[in-house]
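Novice: Provided herewith is a single structure, encoded as structure tokens, for subsequent inquiry.
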Amino acid sequence: MRQTVKEIVAIGIGGAIGTSFRFLLNTWTLTTGYPYGTLIENIVGSFLLGFLTSWFLVIVPKEWLKKGLGVGLCGGFTTMSTLAADSVLLYSHHPFSSLIYVAASLFGGIGFALLGYLLASKIATRRKREVAGS
């Protein structure tokens, strides 16, 4: 039970931080008329989640930290629902731009998740060897 409470608190704190960053990014990009904020959030969040996933396979942290950063921070920062809403709104005015936006979100998100995963794998494996060699 105590572990569950730690995880819930970590998810709440991570979610508050992630959501706050998402709000700030959307506020900063709002005047562009294009959903750059959501695109950036989802690509950066995908990179970060890919990085953390790989890192946590090599360097195993406490479960509450994994959940706080993954479910909380990344979950609060990224947003599928806003991606969907932005796509529909963009489609109503600029159908081709909507297609580009969805493709960039999908392929950019997956590509950057893979990039983060591969980068963390190299860094974490090197770090683990250095620590083991010390």
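Numbering starts at 1 and runs along the chain as it is shown here.
Even glycines carry a Cβ here, placed using N, Cα and C.
Note that this is a predicted model, so its numbers are computed, not measured.
Just lifted these from Swiss-Prot, have a look:
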- 8-28: transmembrane segment (TRANSMEM)
- 40-60: transmembrane segment (TRANSMEM)
- 69-89: transmembrane segment (TRANSMEM)
- G75, T78: Na(+) binding site (BINDING)
- 99-119: transmembrane segment (TRANSMEM)
Novice: At a threshold of under 8 Å on Cβ distances, which of 8-28, 40-60, 69-89 pairs most often with the transmembrane segment (99-119)?
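Specialist: Per the Cβ count, the answer is 40-60.
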Novice: Using Cβ atoms only, which residues of the same chain lie under 8 Å from G75 (Na(+) binding site) while being at least 6 residues apart in sequence?
Specialist: I11, G14, G15, G18
Novice: Give me the non-local Cβ neighbours of T78 (Na(+) binding site): same chain, 6+ apart in sequence, Cβ-Cβ under 8 Å, ordered along the sequence.
Specialist: G18, R22, E41, N42, G45, S46, L49
